[in-house]
Amino acid sequence: MKKTIFVGDLHLSADRPDITQAFIYFLNHGLDNTEALYIIGDLFEVWMGDDIAESFTIAIAEAIKTVSNSIPVYFTHGNRDFMVDKQFCLRAGMKILPEVYCINLYGVNTVILHGDSLCTLDIAYQRFRRFRSLDIVRWVYSHLPKKTRLNIAAKIRQKSVQGNQQKHYEIMDVESSAVTALLASTGCQRMIHGHTHRPAIHQLTAQEQRVVVGDWYTQGSVLNVSEKGCELVTLPFSETN
């Protein structure tokens, strides 16, 4: 049966070669009968700029390119890799999607996004999110020296980890009113997102559904969508060696 696959929150980095290995294995062996692949944010733990190419990012681009030569591969920016630009996506053969993207998926109107915009109770993060989304901020960052960008990325990552440890569970999850509002404004019956690292299929009403993809910290997490519905599948790293 034909299917569309969604993954997100891989947080690939040079420090976790096991995740990179698992993802490349998935790209090479886990896409049978797949019509399209959606990577919905935080593919990388941090992205310093398309002009700073680490060896593992080159390997990832080449592996994705092999897939995109056969099927469409779509990419949504996350909160960690929001600086990924056209250069990398061109190398990987990925099409960059807008922050909120709607598609009719096997007869169900579906809205796709990373999900951080739905965590409206996290006021401090939403303030930072608006700031880093400004064109002038992105322009200034992209023109900083490479060493400076590396230092900024390291500090942002450290501050994010420390901040999340102090936040309540509810603050770091999506806000139900934000979910309801987005479904209403887009006219969709299904929402697919990541960001929270809490994989689940939530049946909101008889007609509406919210599906959350999982992270790849301890195992792979894949969402298969077909005409039969949605299925969350785990990929143990032990099977990718």
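Heads up, the Cβ atoms here are built off N, Cα and C, so glycines get one too.
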Of HIS197, HIS202, residue recorded by Swiss-Prot at the Mn(2+) 1 site of ASP9, HIS11, ASP42: HIS197
Rounded inter-Cα distance in Å - ASP122 (substrate binding site), HIS114 (Mn(2+) 2 binding site): 16
Which of ASP9, ASP42, ASP122, all binding-site residues, has a Cβ with the fewest other Cβ atoms inside 10 Å: ASP122
Listed binding-site residues (ASN79, HIS195, HIS197), ranked by Cβ neighbours within 10 Å, top entry: HIS195
